[in-house]
Amino acid sequence: MPWYDSNGLRLTFSPRDFIQVNAGVNQKMVARALEWLDVQPEDRVLDLFCGMGNFTLPLATQAASVVGVEGVPALVEKGQQNARLNGLQNVTFYHENLEEDVTKQPWAKNGFDKVLLDPARAGAAGVMQQIIKLEPIRIVYVSCNPATLARDSEALLKAGYTIARLAMLDMFPHTGHLESMVLFSRVK
């Protein structure tokens, strides 16, 4: 089974699974997300559009608990498999329709301190109000589409979050495409 390294963890995948194609830039992106979220040992972290655990599993090495939510059942299974492979017991994966209100799910009842989301090109319009309801103190949004990132950022800014940091990563060298990362902090 093919595998790649994500922040010192081994993640297996199949040829049909989505993974970041540039391993070196992916390593930097995961490390930056961990740094920006400033995950503490007591934190509950939510990873939306989590795939097979590229961010979820490294987050679980630092947080009290991590919930990964994904719309593709095969990726949820792969995330669970990768958690077992790496001996991580403080992480759970759920298959959910992220267009529905995930804040009503039993696993969301205790809230989350930090949220990471890495949606597909279509962005995360359907989940932004749900994130706002959860009131995390920090949010890292990873995006491959500047237009949907701008649209979704507007909801967070209107809800009282500020942009604390912004980075562009050249995930796709020699193309016109960039991966963007934004850290939002809740204004107290």
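Placement of Cβ uses the backbone N, Cα and C atoms for every residue, glycine included.
Residue environment of CYS144 (active site, nucleophile) contains 19 other Cβ atoms, counted within 10 Å of its Cβ in all protein chains. In the three-state DSSP classification, CYS144 (active site, nucleophile) falls within coil. What TrEMBL lists as active site, nucleophile is CYS144.
Annotation comment: TrEMBL describes CYS144 as active site.
According to TrEMBL, the feature S-adenosyl-L-methionine binding site maps to GLN20, PHE49, GLU70, ASP118. Secondary structure from DSSP puts ASP118 (S-adenosyl-L-methionine binding site) in coil.
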Sorry to bug you, but what's the C-alpha spacing from GLU70 (S-adenosyl-L-methionine binding site) to CYS144 (active site, nucleophile), rounded to the closest Å?
17
